[in-house]
Every structure is written in C-alpha cells, then in structure tokens.
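Novice: So Swiss-Prot has the following annotated:
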- 14-132: domain 'MTTase N-terminal' (DOMAIN)
- Cys23, Cys61, Cys95: [4Fe-4S] cluster 1 binding site (BINDING)
- 155-386: domain 'Radical SAM core' (DOMAIN)
- Cys169, Cys173, Cys176: [4Fe-4S] cluster 2 binding site (BINDING)
- 388-456: domain 'TRAM' (DOMAIN)
Amino acid sequence: MSSIDRSQSVGGTRTYEVRTYGCQMNVHDSERLAGLLEDAGYVRAPEGSDGDADVVVFNTCAVRENADNKLYGNLGHLAPKKARRPGMQIAVGGCLAQKDRDTIVKRAPWVDVVFGTHNIGKLPVLLERARVQEEAQVEIAESLEAFPSTLPTRRESAYAAWVSISVGCNNTCTFCIVPALRGKEKDRRPGDILAEIEALVAEGVSEITLLGQNVNAYGSDIGDREAFSKLLRACGRIDGLERVRFTSPHPRDFTDDVIAAMAETPNVMPQLHMPLQSGSDAVLKAMRRSYRQERYLGIIEKVRAAIPHAAISTDIIVGFPGETEEDFEQTLHVVREARFAQAFTFQYSKRPGTPAAEMDGQIPKKVVQERYERLVALQEEISWEENKKQVGRTLELMVAEGEGRKDDTTHRLSGRAPDNRLVHFTKPEQEVRPGDVVTVEITYAAPHHLLAEGPVRDVRRTRAGDAWEKRNAAEAAKPAGVMLGLPKVGVPEPLPAVTGGCAVD
C-alpha cells in the first residue's frame, strides 16, 4: 500500500478511532459511539493509529479553556491525511459541536459530520449519508433522542462499567455551560437502571459507577426525592456486584438519606467526590451554587461520622471574578477543615457563553497563579498526611489495568482500594488478572499513591477476572486499541480523574 493511500482498513473492513476530551459523560458517550460503529460493521483501528483510521471521531468538550483551539489544531493535522485519502471521514460530536454547530464546517470544511450531545445514535447514518451525498452532514438535536445506555456499547473495561442514571442538569452555575449544551435533567426509570446493572454483572462486571451531571438530584424528574438513596440500596441487593461508586453529587441536594444508604449498603464504596468550587459565601453566591460554607462542612461532618474511613475529594476554582484575598482564605479554611484526600484544582478562565465571562472583577493571571500554587501546596501536604494514615492497614484491592506507569520496571501491579486510593503492590507468584481482588498491607504513603511492598496476603480470583481473561483472548486476533484522547480513560478510575457533573471540567 503506498504512502499516498495509507489506510488502516483490515481485510476490507473500515476502521475507526474515537478521540475523547472532557468529563465522564463524554467517556461514557464514546463507549456508545464505539459500540454504534462496531454494530455498523467498523472495527477499531490498531493502537496508536494517530488519524490513520478510515473514520476518526472527535467527542469534544466545551468547558476547557482551549477546547476549540485543541479541536481545530487536531482537525488541521488530519487535513493533509484526508487529502491523500478521499474515502476517509471525520466526525465531530460532543459539547463543542453542540455549541459551535454553525462554525465547525466553515473553519474545517474537510469535516464530514457534525453531531451533538443529544443524537449520538445517528452517527453511522450521518456518516453513510455524507459518503453518498458527498457533502457534510450537520445535525444537532435540541433534546435527547435516547438515553446513551440504550445504545450499543463497546466498553473499555471488562470488569468496571459506567451506568448513566440521568442526563442534563437543572442548575445554573454562572461558570458552567454544560446545562445549555446537555439540556434539563432527565432521569431514567429505576427499573431500567437496575436491569442494565444486572446485565452487566451477568457479563462479569463487578464494579459500576452511577453517572449523572448531578446524581443526587436523581428523582426530581420522576417525583421521588429519595430515589437516589433507594437506588443505592437496590444496588446493594444485586448478587455479584462488589463495588458501587457515583459521580458527581451537588451539595445542595446531598441529603441524610443518601448518607445513610452509603453507610448501610456494603457494596457502596467509602468514597465521596463532592465539588466545593469555593469556600467563600460571597463567591458561592456569585457562582450561583445554592449552598454556603457551613452547609458544605456540615455534610462533610455527617459523612465522616457515618463512614469514618471515607475518602472525600473535591473540585475547586481559584480566581473566580471578584474573588478577594479574604475570599481565597475562606477556601483555604475549608480545605484545612475538610481534609480532602484529593482536590482537583482549576484556575478560573472565561468560558464563552457563561454569565461569569461577562462579570466585572476579572482577576489578573499573576494573582490567580499565586493563589493556585498556595492551594496546591496546601492540598499536597494534606493528601500526604491523610495517605500516611493508611500505612499499616490491610486493604482489599481490585486489580486494575494500566494504572501504574512504572509497573513493568518495578515488577509491581496496581489496584484500587475500596475508597479509590491507588495502590501499587508487589507482583505475587500466583497469576493475578485485572478484576481479581488481592489483600495487602500498606507499607508506604506518597501524596497520590500508596505502596504495599510486602507479599500479597491473599488472591481471590473473580468472575470479573474471568471476564477480563475471556475478553483478552477474544481480542488477541483482532486489531486493538482505540485511543480515547484522555489519559487513564478506559476504566472508571480514578473518579473523578476528569471531573464531571457540577465541576468546571
């Protein structure tokens, strides 16, 4: 095959590559996009294809500062490749496509398909229509056509899965454009959610993450304010489901019945990611966050009382318009009081289309950077101190795939503790597969991981490990590896590695 017509076609079958940017909702949607394409006869391009697939799909994010620059830079990189290969197709979906529907094809006329957040199920049809009509297809739905979970899927993990319980958001945070792009909250019926989870468990999945822009508001669309706590308890009754997580909740909707369900349901993990955004009441009001510092710390206190070993993480924005030094000191105060295991910190930057972008009092970059560095230094210190408390504890880890970048050179494997802390452990003589469970003693703590340097105390082979082994064997003869444009995407870990819900990300 000449360099002029380089292609990743396999045996005459067209190949695809999906590149994902943004939150867990996009990761979940990308698994559906992959499933739709495989259902239509495409196969995944080999690992590291770098735009050489027959179809390249960008699932975009609209809330990162340079989201559009990144997209158009990547599209520009593909333009000469497509010029050499007329049969190649490029599709752009996700939040940026929903927002910039009218400009993408104008700025990148070599794009074949533009689709939004509400009609991902149309991708194969739009690709075929663009091929036949030889012109770009731009189709954006204004409301959800089908829950992503009802579409075919190509899950990135054999043992862990996302399960969408709702889409959209009813909040109006002034820094966030997500509600405008994903619409008002719409809840799935509990029976549909539980049926999907049971089907996943039957396939070997042992860990699920309940997913929504605001998971603990679940039930508002179906008229049941305790629907989320009931859903957690129902997950506890599913045989074979070992771990349940959820992301992301909103402090306004965090009620006592949810805390009780977390504490009383054994397979709901002792982990909570709850965005703070700011510790200042004045800034929270400007953000339109619907809670104040006292309310937030009160939830933390209740969670710690009910679940003493819970690992709590958060999102924080530094330098929101109008933030004073006193406001920032209030954020530092909450960080000291809450003692987060981890905090995902962001420097505020204008998001076009959001009220905050037009606010007075935009903070100079130098000031934002200085505050950001102080916050990161404080949180690093706290994360390390909290991790040191884990030394000497005996923990059950679910063995993870691809978590430890240095595992090969250190002869270690990696896994997740119940509270989602990352643990690197000594590789045992007995075969251990992703999805299996090992028991180890923690011997060392760093700010972002733990070590178990002694021998593994126990290895429990699981149905999840069986599922991984079966899938791995089946994949051996196929082209492998679609590059999702996120680091560490594939397994829902660490949650939220790239935050969703009410976060800025």
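The backbone N, Cα and C atoms fix where each Cβ goes, and this holds for glycine too.
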Novice: To the nearest whole angstrom, state the Cα distance for the pair Cys61 ([4Fe-4S] cluster 1 binding site) and Cys169 ([4Fe-4S] cluster 2 binding site).
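Specialist: Approximately 16 Å lies between the Cα of Cys61 ([4Fe-4S] cluster 1 binding site) and that of Cys169 ([4Fe-4S] cluster 2 binding site).
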Novice: Between Cys176 ([4Fe-4S] cluster 2 binding site) and Cys95 ([4Fe-4S] cluster 1 binding site), what is the CA-CA distance rounded to a whole number of Å?
Specialist: 12
Novice: Tell me the Cβ neighbour count for Cys169 ([4Fe-4S] cluster 2 binding site), meaning other Cβ atoms within 10 Å of its Cβ, over all protein chains shown.
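Specialist: Cys169 ([4Fe-4S] cluster 2 binding site) is surrounded by 23 other Cβ atoms within 10 Å.
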Novice: Per DSSP, what is the helix/strand/coil residue tally across the domain 'MTTase N-terminal' (14-132)?
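Specialist: Residue counts for the domain 'MTTase N-terminal' (14-132) by secondary structure: 56 helix, 23 strand, 40 coil.
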Novice: Rounded to an integer, what is the Cα-Cα distance in Å between Cys95 ([4Fe-4S] cluster 1 binding site) and Cys173 ([4Fe-4S] cluster 2 binding site)?
Specialist: 17
Novice: Whole-number answer please: how many Å between the C-alpha atoms of Cys23 ([4Fe-4S] cluster 1 binding site) and Cys169 ([4Fe-4S] cluster 2 binding site)?
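Specialist: If we compare the Cα positions of Cys23 ([4Fe-4S] cluster 1 binding site) and Cys169 ([4Fe-4S] cluster 2 binding site), the gap is 14 Å.
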Novice: Determine, from DSSP, whether Cys176 ([4Fe-4S] cluster 2 binding site) sits in helix, strand or coil.
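Specialist: Where Cys176 ([4Fe-4S] cluster 2 binding site) sits, the three-state DSSP reduction gives coil.
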